[in-house]
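Some features that TrEMBL has for this protein:
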DOMAIN    B:13-458  domain 'TRAP C4-dicarboxylate transport system permease DctM subunit'
TRANSMEM  B:12-41  transmembrane segment
TRANSMEM  B:77-98  transmembrane segment
TRANSMEM  B:154-181  transmembrane segment
TRANSMEM  B:193-215  transmembrane segment
TRANSMEM  B:236-255  transmembrane segment
TRANSMEM  B:267-286  transmembrane segment
TRANSMEM  B:298-319  transmembrane segment
TRANSMEM  B:325-350  transmembrane segment
TRANSMEM  B:395-425  transmembrane segment
TRANSMEM  B:437-462  transmembrane segment
Ligand code: NA
Ligand code: NA
């Protein structure tokens, strides 16, 4: 199942790092959303130009291909922050306490391991398309109107780098929870049961207050 | 270790990671990365001196995939389809549809539930994602049903099941993904989804009416709307028609003239119309911004699965697993129909545990070539084929069957995304409640799938005109 | 030794020399050196050079026009109206250019070495509606043509329109484009011929250039014997390709007749006009642009015509 889950916040350094990173991630998500919106306007321009003026948008396909990494990858870390990326929490939902945090920690560390290699690989992919000596620094161009591709390729390692930072924050968050045996740690998405528990606690607190 | 052995071991490892709760996209990508590494290293005889080389080549090969697979013109349909759904919500289309459906058809037994099914089917024609459809109708449909005394679980089940229709009725993100993986015409597939989607809705409606007739307590008919009230409800729901017409006409012109453009353009223009409507209905920057951020989030979630799984698929390519599987399937001494039914049953089981998109992406690279081979190959004529249809038609038919299976997996326990979403929206419902309420619809889906298998014409009639 | 070979699409006339090469090499080495041809499993078609550069596979096919900036030098072969008249000439011209040091150097950046070409016939147009056999009728014509070809049609008032090759059929059907420029085998495999009412038999505007390359390290790592077998099998593989494509071209006329597609002949005068407007100026612009980037552009350009002359003289 999916599960955007609540992320608790407090005044600790880790939580401040979490929120600082979140600001960047939100900005990336908004950019991605605006890029989706621009798909719409590109189509309007393309069809309108063709039907009304026999002047279709030159390089329509090229522009879309340039926009897609922005739309599809830039916000990858934003979705990791609150656990939007799909998983099966059949097993995890049954765990609690230190066992749960251990599982989450291992899972996040595995993702971090993966992403470090993908960061390297996607950076290499960018570098192959980039050449300081060439016009527009381009060593790879789109098929139709010859746009340089390197900016679109650069988006991927940038997004992956932010995701690596996010994973570090989460690894620390889970690690801390495991060592200290916390019930509701900050800066990590909580499994729904734990979240409900946290919410219930918050309620009793406010009742008392 | 031969590449095929590596393929099997790594695939097993990935399943374990998924079951242990690692995010599906990353589990698949990790399996792909490790698999690529093993394949390259095995090529150099697992020589320790070649370890660094194998790691480098694996990382660079895997690192290409995200940009390379995502920068696709056809895939741009997915964010567009998702955006339409969010904008349609802000344009008030959901409520308008529900109101119109209620006034026109709620007089039948189980009326409000039947209306909900047809309203979700209507919303499916502007929404590309089943989950979003279920979430929206959980807010609108369930309270109305509860008000007139519906069983709570049943009401939730109706919405969870009705929501799945958005995957068959175009626009549909899952159909686009299928088309991309199997390299078939996106437009024809979207077109092919219309009739089976509507068909599915009718079967749901018949089931509800049947239940309501037998168990009087389920839901009383709602009568008493005048014709004036009925017609008054239409204008607000009309814009749906615009979007449907645009999408159809951009894929295929029913009047025998040329279509108006490509599906990509049609999808984006549909979004534009809904966008204008939402502006007209008072959507301002705050709402637009949250629609955009929500779109970005759902989009990136889907695309992460896409590139993650495609890294794994790239590894499968190097391990030559799809070829091996197709050869194996075609060498079996069973009737192709029996094998097809087994494949569909396997999807039903797999679908219990996996989400729809991940399931398709993981299995299709192996299963699709096998099914095509079973039918007699890509270029087979209808006369020479096993299923009585040409290669391209088989691709469409199997696509619709698989997407229907994917819809089914959205409501089957233990991992039925739609049921989780409905339970998530409604505080008074537990996931178990929704699963109980949705149970009768398993029967409806089984009937639908059986009919689609037995009468392929339901699927192929429309695309064969185009 | 087993080599992985990355191509795309389906097995077709365009990939027959690779299949033949694999067969020959395996035969001659008694199965010691085999090639495993993968249709799209190993890489995207636009990233085959990347894969060669990484070393993920040993051999690959790509087209210059997919990514001009990756392979500037050989884009000379995609200029419109070079006057190449058949596949044999296309082979001669391509291989001469491939052997030029500027090309070798650029390919070496990708750790690639040119092995052979995949000769393509001229990209003539299929179109819907009334046949367009005069230059003036190209005004406002929406045409699916990429790179240099697109430029050529733009020069005479055409409107080059972006559609991928797999979308070409749909684009014609929907009127997004009026005409599509492809080689014959592609008109057949992408189905554009089924939409067409006419085909330009003698427009011959130009073609695309699609080399087959090998990874330099893998090539050097071959035993002397295997390398010799590989090198020597190239011409046989090309011969087989030509023979096979000739059969396809023969069938082409039947296909036209069967689908009731009109064969449009354009007058010499109109063709001369077209070349005047769309040939020379685009050639000169290419030479100027590439020279500015430090490419021996004039040399490459002259090499094309010198080779054509020599080839014709020797036959
Ligand atoms: Na839909
Ligand atoms: Na399920």
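Note: Cβ is positioned from N, Cα and C throughout, glycine not excepted.
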Contact set of the transmembrane segment (B:12-41) with the rest of its chain, CB cutoff 8 A exclusive, min separation 6+ beyond the ends, reads 1, 3, 6, 47, 50-51, 53-55, 57-59, 61-62, 65, 304-305, 307-316, 318-319, 353-355, 358, 361-362
Confidence over the domain 'TRAP C4-dicarboxylate transport system permease DctM subunit' (B:13-458), expressed as mean pLDDT on the 0 to 100 scale, is 86
The answer for the transmembrane segment (B:77-98), taking Cβ pairs under 8 Å and residues 6+ beyond its ends, is 115-116, 119, 122-123, 126-129, 132-133, 136-137, 140-141, 144, 166, 171-173, 176-177, 186, 233, 236-237, 239-240, 243, 263-264, 267-268, 270-271, 274-275, 277-278, 280-281, 283, 287-288, 291-292, 294-295, 298-299, 302-303
Run the contact check on the transmembrane segment (B:395-425) against the transmembrane segment (B:193-215): 3 or more C-beta pairs under 8 Å, excluding pairs closer than 6 in sequence. yes
Same-chain residues at least 6 beyond the ends of the transmembrane segment (B:154-181) with CB under 8 Å of its CB atoms are 72, 74-75, 77-78, 80-82, 84-85, 113, 116-117, 119-121, 123-135, 137-138, 141-142, 145-146, 189-191, 193-194, 196-198, 200-201, 204, 208, 218-219, 247, 267, 270, 302, 306, 356-357, 360-361, 364-365, 368, 399-400, 402-404, 406-408, 410-411, 416, 418-419, 421-423, 426, 429, 433-434, 436-441, 444-445
Long-range CB partners for the transmembrane segment (B:236-255) (under 8 A, at least six residues beyond its ends), listed in sequence order, are 84, 91-93, 96-97, 99-100, 122-123, 125-126, 170-171, 187-188, 190-191, 194, 261-263, 265-267, 269-270, 273-274, 277, 465-466
Long-range Cβ contacts under 8 Å made by the transmembrane segment (B:325-350), restricted to residues 6 or more beyond its ends, are 359, 363, 366-367, 369-375, 386-387, 401-402, 405-406, 408-409, 412, 449, 453
